[in-house]
Amino acid sequence: GKQTIQIFARVKPSVRKQQQGIYSIDEDEKLASSLEIVLPRDLADGFVNNKRESYKFKFQRIFDQEAKQEIIFEIIAKPVAESTLAGYNGTIFAYGQTGSGKTFTITGGAERYSDRGIIPRTLSYIFEQLQKDSSKIYTTHISYLEIYNECGYDLLDPRHEASKLEDLPKVTILEDPDQNIHLKNLSLHQATTEEEALNLLFLGDTNRMIAETPMNQASTRSHCIFTVHLSSKEPGSATVRHAKLHLVDLAGSERVSKTGVGGLLLTEAKYINLSLHYLEQVIIALSEKHRTHIPYRNSMMTSVLRDSLGGNCMTTMIATLSLEKRNIDESISTCRFAQRVALIKNEAILNEEIDPRLMIVRLQKEIADLKAELAMVTGEQRTEALTEAELLQLEKLIASFVEDQDPESRLEVGADLRKIHYCFHHFKVNFNVSSGLSHVLPRSNCNKNSSC
């Protein structure tokens, strides 16, 4: 059914000693947490809005500076992963300024095992569940898309390390008549184990565009979408469930003037801000009633995430906040964006379809049966002799029918008169052998002969 996008906030631990009174969290409110950001008086004059000294925002839950990666996964990512296993599309995306902890939240840190982020923990959870469930046949594929300067690149392309970025084939968007998005030049890699999936993640992360900026020593300069494609079917069933889980790490959302960069980094920052601006336009359009046109096509990212925003998907947003004095304006901007996202309603539906290969086999058998029935009605029976394999199969069916004690059992040989005649002949021979007769008298003769 329809539900609004879930929004969560995570406060990054402060490098310096945290100034008191900049923010407070109220967990007492029913079904929601409240974050209050208080502007210090020395900054209030001409800062954001000099008539207000505090701003209040509501989230599903707010994770303060001490929150561990494990609890982030349990509360935010695990429910989305469970819905993906059940056949629903899911998306988790992190939004916030550079250095606020988006990549740490989504991918994790490399120093400690406990620092693993949402992607590796989700992969671990999914493969753990697949091993437990032997009632279905699962297949898992991974794709990793990077959107850099409004161009798409495959992070799992083996040529990444040996070629310049501009020499790599660009991922392009194709749209079918049903407005479904297909990505050309984005490879899908099958992963049968957690280890294989993690190796793909590490390969993709190695190829990401990263640069040092004044805001962060290793700032991600691109948007990245790590997608798990999951298919499941019960043995013998023609119904297949498909689901995809997007795990999205957006680039930093701060204003260009604040980054203090020039040259290539300035160009990157402009593209990042432009794509985030288009994302915001889509969010605003979706949150407003009676809007008929949603500008998904304005940017590659909004095109790729069309289902995640106002479509067939269970979507969750994590607003990452660096609540220090110098970052208050960006933090307030991030929170405002999250409040607009919370107004959007998505409608996730179960993604089921008939396996085309099994359907073809079934239809071919049905056509053969119908042809045989038609031949019986019209008298145009096949005249070629039954093969040895067909005769052997018929004898097995007859033996199984004779041995079956169920009075309701039936001998099903189809509408082929050759097979029907053979079955009658087989029963006649066996009857003669069992009764010791060399031939069977016609019923009319038997009635006249008292010895019958």
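Placement of Cβ uses the backbone N, Cα and C atoms for every residue, glycine included.
Keep in mind that TrEMBL annotations are predicted by a computer and have not been checked by a curator.
Keep in mind the model is a prediction, meaning the values are calculated, not measured.
Per TrEMBL, domain 'Kinesin motor' is recorded for 4-344. What TrEMBL lists as ATP binding site is G96, Q97, T98, G99, S100, G101, K102, T103.
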Quick check on the binding-site residues: of G96, G101, whose CB has the lowest count of neighbouring CB atoms inside 10 Å?
G101
Please work out the number of neighbouring Cβ atoms within 10 Å of the Cβ of G99 (ATP binding site), leaving out its own Cβ.
24
Including all protein chains shown, what's the count of other C-beta atoms within 10 A of the C-beta of T98 (ATP binding site)?
24
If you average the pLDDT over the domain 'Kinesin motor' (4-344), what number do you get?
84
Cβ neighbour count (within 10 Å, all chains shown) around S100 (ATP binding site):
28
